[in-house]
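Colleague: Here it is: the structure, laid out below.
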Amino acid sequence: MKHNFGAGPCILPKEVFQEASEAVIDFDNTGLSILEISHRSKEFEQVVLEAEALVRELMNVPTDYSVLFLQGGASQQFAMVPMNILPEGGKAAYLDTGVWATKAAKEASKLGNVEIVASSADKNYTYIPKNFAVPADAAYFHYTSNNTIYGTEIFEKPIVPIPTVVDMSSDILSRVIDVADFDLIYAGAQKNMGPAGVTLVIVKNELLGKSGRVIPSIFDYQQHAKAGSMYNTPPVYSIYVSMLNLRWLKAKGGVDVIEQENLIKARTLYDEIERNPFFKGTANEMDRSRMNVTFVMDNAEQEAAFLALAKERGLIGLKGHRSVGGFRASIYNALSITSINALVDAMKEFEEKQSS
Ligand SMILES: *Cc1c(COP(=O)(O)O)cnc(C)c1O
């Protein structure tokens, strides 16, 4: 058995893989593959409608928000956000908590003025800046709720006087949030919602059409909203598999149920990192992510030996990002406590071997 701790694209439930594979041969008893079916067919229209309804239900999305399924990944949203809501010559406020936050700010700076309100670059992004001031004259405030690379997470939405945009690519649907706290939420699906190829955007309708910019239709949220995410050919298969995964989450009991599981998973792993003398966490304790657990060894020369042992035990995708080193265990919704226990057992086994 393999335990996939990869950061993204990531593990999805086995049942989802099973159903998704069957639909490649015969989708919904149509006699056609999901890969060949028209995106305008009523069968696929049902898929998009159900995916949207599931997002609305699972996240309790207020009715004055649009739910969109777009392409181009979270990286396209780095550009689409300012195109749509940053007026010419306007200013936007960004919180710098790592690589993705930096990239988002960089794209916005091509379209207007960006003020970095705080940064944790001074300590290689191992903590979340607190108590920063956000300019009231900026068009919006942007932050990254979970820093996939550094293993830090922002659980409480910062209180700011302007609209808030959040990149939730790696913690969407992992814990209960109040959508009404935000004006725009986006997430590349491949970290916790589905396969690569689709991006979820949840945007307050009131925000749209106000930047005064002339933007290409394909980048205009209003065009996508008007067309029900069918402005052009959507990523049919990615939306379908995301819908299956959303169904799985609903059948499990929803976001509050998975949140409790995620809490136990994260606690189990962090407890072992703290207990085991060979390992240590890299993130500030109060800012530690429940989705990406980053840790290193006191003796970095032993890291290759632990990775080799992990591989023997079927533990995949544990090598840390090059900017942090060591290890990163991505423990998204579909990763079970069984896999966490397998990792903890490997860490204990490593300790015993070294100590004997
Ligand atoms: C992976 C990731 C991105 C980039 O996503 P793409 O879909 O590859 O563009 C952006 N933000 C966060 C937080 C991520 O984890």
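Positions of Cβ are set from backbone N, Cα and C atoms, glycine also.
Annotation source TrEMBL lists L-glutamate binding site at ARG40. Per TrEMBL, pyridoxal 5'-phosphate binding site is recorded for ALA74, SER75, TRP100, THR148, ASP167, GLN190, ASN232, THR233. Taken from TrEMBL, the feature domain 'Aminotransferase class V' covers 4-342. For LYS191, the entry in TrEMBL reads N6-(pyridoxal phosphate)lysine.
Context for these features, please: burial, neighbours, distances.
Modeller: In the three-state DSSP scheme, ARG40 (L-glutamate binding site) falls into the coil class.
The DSSP secondary structure for ASP167 (pyridoxal 5'-phosphate binding site) is strand.
Around LYS191 (N6-(pyridoxal phosphate)lysine), a 10 Å sphere centred on its CB holds 28 further CB atoms from the protein chains shown.
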Colleague: Using DSSP and three states only, what is LYS191 (N6-(pyridoxal phosphate)lysine)?
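Modeller: DSSP call for LYS191 (N6-(pyridoxal phosphate)lysine): helix.
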Colleague: Note the mean pLDDT of the domain 'Aminotransferase class V' (4-342), expressed as a whole number.
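Modeller: The predicted confidence over the domain 'Aminotransferase class V' (4-342), as a mean pLDDT, is 97.
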Colleague: Counting only residues 6+ away in sequence within the same chain, which have a CB under 8 Å from the CB of TRP100 (pyridoxal 5'-phosphate binding site)?
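Modeller: The answer is ALA74, THR144, ASN147, THR148, ILE149, ASP167, SER169.
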Colleague: Quick one: give me the count of other CB atoms within 10 A of the CB of ASN232 (pyridoxal 5'-phosphate binding site).
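Modeller: So the number of other Cβ atoms within 10 Å of ASN232 (pyridoxal 5'-phosphate binding site) is 12.
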Colleague: In DSSP terms, helix, strand or coil for ALA74 (pyridoxal 5'-phosphate binding site)?
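Modeller: For ALA74 (pyridoxal 5'-phosphate binding site) - judged by DSSP and reduced to three states - the answer is helix.
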Colleague: If you draw a 10 Å sphere around the Cβ of ALA74 (pyridoxal 5'-phosphate binding site), how many other Cβ atoms fall inside it, taking every protein chain shown into account?
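Modeller: The Cβ of ALA74 (pyridoxal 5'-phosphate binding site) has 23 Cβ neighbours within 10 Å.
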Colleague: Output the one of SER75, GLN190, THR233 that, of all these binding-site residues, has the highest number of other Cβ atoms within 10 Å of its Cβ.
Modeller: GLN190
